[in-house]
Amino acid sequence: MHLIFFFSYFLRRYLLLLCAILILRAPLAHSLIPPLTCVNTGTVESDVTGIRFDRCLDTDSLAKISLSTVMSKARVYTDVNVIRPKDYWDYESLNVQWGEQDDYEVVRKVGRGKYSEVFEGINMNNNEKCIIKILKPVKKKKIRREIKILQNLCGGPNIVKLLDVVRDQHSKTPSLIFEYVNSTDFKVLYPTLTDYDIRYYIYELLKALDFCHSQGIMHRDVKPHNVMIDHELRKLRLIDWGLAEFYHPGKEYNVRVASRYFKGPELLVDLQDYDYSLDMWSLGCMFAGMIFRKEPFFYGHDNQDQLVKIAKVLGTDELNAYLNKYQLELDTQLEALVGRHSRKPWSKFINADNRHLVSPEAIDYLDKLLRYDHQDRLTAKEAMAHPYFAQVRAAESSRMRTQ
């Protein structure tokens, strides 16, 4: 009994000492960080996050808590994946049901990306057109994630429909089979769009975004290339879910997502606990390009220059307020590149060529999307209720009444 007592006593003292050493050694991003306490039961509680741990943490874990002094969480759909069963979001456990590759035949190449080549194809069973996305060699985990997300979103408004998943018997190269959309290149289409067309298609895109967000999924690559529009049928589809990810509150994500011109400030300043609002920034960049006829709207030559281009429009005062709120710091080189800029009024972008597309409500809507602080941006549902879309909502209500 005495041996057990002394062993227990010294173990508790050792754990307390170890916690103290680890806290002192943990790299601090900022000077004002509340201390961690380790009680003598072996439980560690962070005053920063309120998280309790059943043991003393290693250096990396403590460093992460220290760096995340202001935890950011999504304003909406925060706990979708907390409430859902694990098999909804656990894509690593997905057992892929492979179809028959011989059921499909390639007709012509229609595009290529970093992770895939895209072809128009034919379903040999029913002679219907389809899109065949042949994936380049990537981690199986990434392929499973895209498939799982597409399966979860199947049937959602304006989400491209996954029809089948096949793979080559010899090379094992996987291909995703999608519904066919007769899309016009956005560089050709956008300059022809009327004011109402832009309102209509942005509203349709918001339907897709609100749906995927409501299902606990961030797209993370919203851009014109990934928004297919069949203008004749007035049909829109949000495609390419290869970078999409399940949202878990407090989780730190890779900031190397989205295409440069559409990257949110959170990615450019290395804020990792971002959320669905990233998609709303990308949408805002798209929208600005459409109404001002300036594509891309923020034209950075690299990631650092991208932040510079944003700062020259939104100003550096609000950028600094954003950094201070989340206790982030730019490295010295980037800080020097960004410099100091006053906010540029949206009216400075209006000219004779785009005046007919830029209304007061369009400017107000844009201003509520392109915010440094991701928590200040409109959510997709809030955006759909904006006065900018009043005409579109009225037309949709009228159409539904006559059906």
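All positions are counted from 1 along the displayed chain.
Cβ atoms here come from the backbone N, Cα and C positions, even for glycine.
Summary of the site annotation: Swiss-Prot records ATP binding at V110, G111, R112, G113, K114, Y115, S116, E117, V118. Screening the candidates K133, K139 against this entry identifies K133 as the one listed for that site. If you draw a 10 Å sphere around the CB of N182 (N-linked glycosylation site), it holds 13 other CB atoms from the protein chains shown. Comparing local CB density within 10 A for the binding-site residues V110, V118, the maximum falls on V118. Candidate recorded positions: V110, R112, S116, V118, D221. Nearest to N182 (N-linked glycosylation site) by Cα distance: V110.
Shown in sequence order, K133, I134, L135, K136, G242 are the residues of the chain, 6+ apart in sequence, with a C-beta less than 8 angstroms from the C-beta of S116 (ATP binding site). Within the group of binding-site residues (R112, K114), the Cβ with the highest number of other Cβ atoms inside 10 Å belongs to R112. In this structure the alpha carbons, written CA, of D221 (active site, proton acceptor) and K114 (ATP binding site) are 12 Å apart.
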